[in-house]
């Protein structure tokens, strides 16, 4: 229950920050263009707080923190006095209207850049892209445990999360990946990971596991959490014991233990379970029992081992971080557009479209991992908001920009009827997209 409320809280914080910047972009440029702003609202519904400025703008915080809006003086929406007509949005030139509408997404793009600059200055703690175990395609490529991936297809890699993202993108593009690695003794080498051999279709969320890369920080001996009464483990194994090996095979994860117990059961002989209990190392001979479901069991429940300390963090000076933030914003934009293209063309599953439930969970998880991770999450979300708002769908900023582009081409605005039809189409498209996102959230 604690995680549920924490997720809601961090989602509200995230949306509030991003929406405030987005709407301020519209507001600031509108004021510079001489448009009267009637209301600047963060959130919808009943106002929880409001204040009117000397310029006549009402600033509002709404009860439903899932968006916001800037309401401008417009003759198409209400009667406007003769004295104020020059301040109406619809009276401004096409280029001024384009600037006002584009300012929202641009503000989110600038926020993304600013957040990345802060991130490069303070640093983001992470785990290096060090391989803990190499199997399948990774082993065939000549990758070994202890190898640290430093670049993929010429793009520098400093963490496992960057490596995972690049490998996933290459796999979805059905392309092989060239990995530069540094071995445990400093030896450098290059390996081609034949991602084109991955059986189609595959789960894009688990590409590294599918190619046989298990990151070192994830491989920790499991800890016994509970003993089932009446099981063969009762009296032999105790809560808090750490499983080190089964029949001489090192146990580096809960998944390892499960697979090793199944093998013992299939082989039909007792196995030696090596455990650490405090400072003592013990070897126990146990035979798993088969459950009614056909699964071999010892009768224990485990927790993952202790998470190791972060081993990767890069910091830069205030000035040195500026070009890095600009470059990273460009790379993230290209990556995001690439993913959207893959979803549209069918190279990637539509399951990658996330809704508010997933966003809330990710917001909470990133906040738990530290300030740097939360800032990185905000930068990604801000960039996504900028890109999505530029989609040429009526209702979104991109739809309005499409209307103004048509107006420039034909020399006059679209008819009210045509724009109304576009709004209905936009509503339908947006509702479908949101429905898919919610569906993916519920399935996830």
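Glycine is no exception: its Cβ is also placed from the backbone N, Cα and C atoms.
Among the features that Swiss-Prot reports, active site is placed at 23, with the record citing sequence analysis. Annotation comment: Swiss-Prot describes 22, 26 as Zn(2+) binding site, evidence class sequence analysis. The domain 'PDZ' annotation in Swiss-Prot covers 192-276 and is backed by sequence analysis. Residues or ranges marked as transmembrane segment by Swiss-Prot on the basis of sequence analysis: 98-120, 371-393, 418-440.
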Same-chain residues near the transmembrane segment (418-440), Cβ under 8 Å, at least 6 residues beyond its ends:
350-351, 353-358, 393-396, 399, 403
Which residues, given as numbers and ranges, are at least 6 beyond the ends of the transmembrane segment (98-120) yet have a Cβ under 8 Å from it?
17-18, 21-26, 28-30, 33, 35, 72, 89, 92, 314-316, 320-322, 324-326, 328-329, 332-333, 372, 375-376, 378-380, 382-383, 385-387, 389-390, 397-398, 400-401, 404
Spatial neighbours, same chain, of the residue listed as 'active site' - Cβ under 8 Å, 6+ residues apart:
40, 41, 42, 68, 69, 70, 104
Around residue 26 (Zn(2+) binding site), how many other CB atoms lie within 10 A of its CB?
25
Give me the count of other Cβ atoms within 10 A of the Cβ belonging to residue 22 (Zn(2+) binding site).
27
If you average per-residue pLDDT over the domain 'PDZ' (192-276), what number do you get?
84
Write out how many residues of the domain 'PDZ' (192-276) are helix, how many strand and how many coil, based on DSSP.
28 helix, 23 strand, 34 coil
